[in-house]
């Protein structure tokens, strides 16, 4: 194996390793970014070694497959895997890796089930690329890395981390691969010039095209949205219906929590309203210890660590604090939109888990600038099913008043706290009939009183009537302190609260429930600007905390930014710049191929063709009946008397015509020195010809596309 083969093999392996890197954006920090280059190097090395031993291509690829199988078995002894023995777990991982990747929540943990597909794809792409290096068309070795890169981009979906670095490495490796396999043997400076021009053209396209793309907000499709998650929501009691019973029997122990910062727990989010009740997410995706990050993280967070032990709580949902980042000790699933965490096996007494979270905080100034989203993805949180009483809309306008969206939400929560009474014995229900009774009927008819179920759902429905995207959350207050950092959460600590989505800030929580259900675990300084009435009731200190924003992992993408006003200008400039650059690149490439051909005879004829093209560009086109000597004389006449004082710069072309006749008609094979001298003479002549050509032709010489069609 020569140096050229070694360089080509290394370039192919590097290209495949870079092409596979985009998929690492879907994974939690782990070994995958290192395993992918190892897989590329292994596949390339095995096939290259087999070809060096003169093995047939099919046998070389089979050796590569055998190496891949051995590598996967070795990896299965190190990474976490499913039960069933080493061989069975490896086969299961290879067979189901794609489905596991696309039906699990990101970021993924590096297990055999999740890394088998990208490792196999990278190994096979590298092995195929090296095998193609020894085919009749070695340049086809660039196809496997490109296909691998596109496949990884499709699988990774619209992840927030762009793959600029791997893309640059991929392009560089492919350029090296093409250079090694092209057989180009011309002067190095010609290749260097073409490379520099290509780089400048790329920079120009980026600078000019960026304004045109600045207003594009469309996200690429995500295959995960077309696949059904494997974990379906089990049929169980609606969590809102439990609140009335728990309020009437408040001493049942549910959880024991050890924490450095007591903070209420989110149990389940209810995003969908049917007019009769609020429903949780129907399905969940398997997740690792690291949960999806918030697209719009808060500028400040309070670190919280909780060790939770389940006592009497049942169901499939897992209580966690806001801003949860990691969950250890149990196998979980998550609904990314609602940020609800579920337990596939359900909660049982004695279940233990540890949570790491960052509680988001916002300042009054930031809250004052909060705006509702214009993204249509949040229209589902504004929907009110048919059948809602018209007087509820009038009540919503009366309660919220005017002002910014956040001010209206604060006024709405304040109105419900002041005008209605908490009563643990109040009848349950959260549909239109129950809310109409709660909001509009007198106390004698069961109105005006309720639990946090009625207060939270009334806020959510009235907010939707005002055009706010809202949802309802059921959770628990921090509980009773037991001493030290231990807390006991009882059934009386259960409560519901509504949330409103604000663009760029995520879901902000409010507590419209009066004092008996308020979790006084947040600070007063987070209260936004004063409301309409400067004086508040005695429950102000406790009601205030839940008016602090509660940014979720489900933070939204923010408002749709308008397109840049420079977009039309950029589009208009980009097209001619790109076309001109393309013409220049093709012209230079054609010239470089003519002057740099490996065959000396072809180099002589290529130099002569460049001379004839130059004369045509200068307006001195030689007639089709002229012989080589007559063309040389025409060339001498074109520059015989120039303003630069050069007497006969074309005199050196005297012997070129004879060389061309000998090569073209007598079949003479010139030596390399003759070919090099011929190309040098034509280069020197064309430089002088361009300088002596009048008008704008010297400036537009390389921009003229006509030579691309001349023969």
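Note: Cβ is positioned from N, Cα and C throughout, glycine not excepted.
Caution: TrEMBL annotation is automatic and unverified by curators.
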Quick one: which of 60-79, 80-99 does TrEMBL have down as transmembrane segment? 60-79
Between the candidate ranges 11-29, 30-48, where does TrEMBL place the transmembrane segment annotation? 30-48
163-182, 223-242 - the range that TrEMBL marks as transmembrane segment: 163-182
What parts of the chain pack near the transmembrane segment (163-182), using Cβ distances under 8 Å and only residues at least 6 beyond its ends? 4, 7-8, 11-12, 14-15, 18-19, 21-22, 25, 133, 138-139, 141-142, 145-146, 149, 153, 191, 195
Could you name the stretch, out of 30-48, 60-79, 140-157, with the greatest number of CB pairs under 8 A to the transmembrane segment (115-133)? 30-48
Counts by DSSP class (helix H/G/I, strand E/B, coil) across the domain 'Transglutaminase-like' (444-514): 19 helix, 31 strand, 21 coil
